[in-house]
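Structure first, then comments.
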Amino acid sequence: MEKWNHTSNDFILLGLLPPNQTGIFLLCLIILIFFLASVGNSAMIHLIHVDPRLHTPMYFLLSQLSLMDLMYISTTVPKMAYNFLSGQKGISFLGCGVQSFFFLTMACSEGLLLTSMAYDRYLAICHSLYYPIRMSKMMCVKMIGGSWTLGSINSLAHTVFALHIPYCRSRAIDHFFCDVPAMLLLACTDTWVYEYMVFVSTSLFLLFPFIGITSSCGRVLFAVYHMHSKEGRKKAFTTISTHLTVVIFYYAPFVYTYLRPRNLRSPAEDKILAVFYTILTPMLNPIIYSLRNKEVLGAMRRVFGIFSFLKE
């Protein structure tokens, strides 16, 4: 029996899972994914921290990606699981704001960080002689700090606006977390100006970085094609193809969701697409970056004593 005990200031999250055995099975699957994502990203952060061979700009950026993914999935899954198991779909006004802030911060910051990682690979492969100068430790810190700062500022602006618009009597958000576009459907005022700002924000933090990433990857692939060293060509292609896989899996559903007009969106489709960038991507990223990377596998063998059958 579902209990919807809530005050007039609370929101209701209608959720993702049906209240039956299928929902229980899917929840168990999501909890397993959450566990794998937590272990995988925590292990990646630990490896990069303790292994001196991974103390390079590329892996420093990768450790930040793992941290963002860890916070990303922790923002949505625990609350979704608690609501499903307890039957209480409510979330407080403040809790909704906090969840929305962290979700948007991770979303924007990760998009900018992926752009920084693509730029790092572009410099390493296309301008290897100047790489130590252009990609210094200070530059790496600035890129990471800029990603977090810009993501937080953008998130704060969206969250403050979403919490200050007047809402109608119904406060049932047809989503499994406090997604701002889903919250706007409950507004009692015209939100076309804000929807336009969402479009602009999505373009600045997702679409334009995606175009920049694909452009730099194209330059890298062109340079890789003209490499004389077969081993170097293989290593460079593996690195860039791995990053492209992560980028496409993250950006495609995000851009498709947030750049569509309201009349072309459906809550059911938005929730399914959100599963990709809030649940699946944080689990897949450490797997993709580790299984195709000999240096990471070697670090696992040295630090954790696993994969000892693999040669570095």
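Note: Cβ is positioned from N, Cα and C throughout, glycine not excepted.
Look at Swiss-Prot and you will find 1-24, 79-99, 158-194, 259-271 tagged as topological domain 'Extracellular', backed by sequence analysis. Per Swiss-Prot, the feature N-linked glycosylation site maps to N5, N20; the stated evidence is sequence analysis. The transmembrane segment annotation in Swiss-Prot covers 25-48, 57-78, 100-119, 139-157, 195-218, 236-258, 272-291, and the record cites sequence analysis as its basis. The feature topological domain 'Cytoplasmic' is assigned by Swiss-Prot to 49-56, 120-138, 219-235, 292-312. Annotated disulfide bond per Swiss-Prot: C96-C188, in sequence order.
Feature annotations (Swiss-Prot) mapped to structure.
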residue	record	DSSP class
N20	N-linked glycosylation site	coil
C96	disulfide bond	helix
C188	disulfide bond	coil
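Residue counts for the topological domain 'Cytoplasmic' (120-138) under DSSP, helix first, then strand, then coil, are 13 helix, 0 strand, 6 coil. Taking only the Cα positions, the spacing between N20 (N-linked glycosylation site) and C96 (disulfide bond) is 26 angstrom. It is 272-291 that, among the stretches 57-78, 139-157, 272-291, forms the most Cβ pairs under 8 Å with the transmembrane segment (236-258). Long-range contacts of the transmembrane segment (272-291) within the same chain: residues 16, 30, 33-34, 36-37, 40-41, 43-44, 62, 65-66, 69-70, 72-73, 75-77, 103, 107, 175-177, 179, 242, 245-246, 249-250, 253-254, 256-257, 297, 300, each at least 6 residues beyond the stretch ends and with a Cβ under 8 Å from a Cβ of the stretch. Taking every listed stretch (25-48, 57-78, 139-157) in turn, the largest tally of C-beta pairs under 8 A with the transmembrane segment (100-119) is reached by 139-157. Remote same-chain partners of the transmembrane segment (139-157), defined as residues 6 or more beyond its termini with a Cβ less than 8 Å from a stretch Cβ, comprise 57, 60-61, 64, 100-113, 116, 119-120, 201, 205.
Note: the topological domain 'Extracellular' (158-194) comprises 15 helix, 4 strand, 18 coil (DSSP; helix = H, G, I, strand = E, B).
With the fewest other Cβ atoms inside 10 Å of its Cβ, the least crowded of the disulfide-bonded residues C96, C188 in this structure is C188. According to DSSP, the topological domain 'Extracellular' (259-271) comprises 8 helix, 0 strand, 5 coil. Applying DSSP to the topological domain 'Cytoplasmic' (219-235) sorts its residues as follows: 13 helix, 0 strand, 4 coil.
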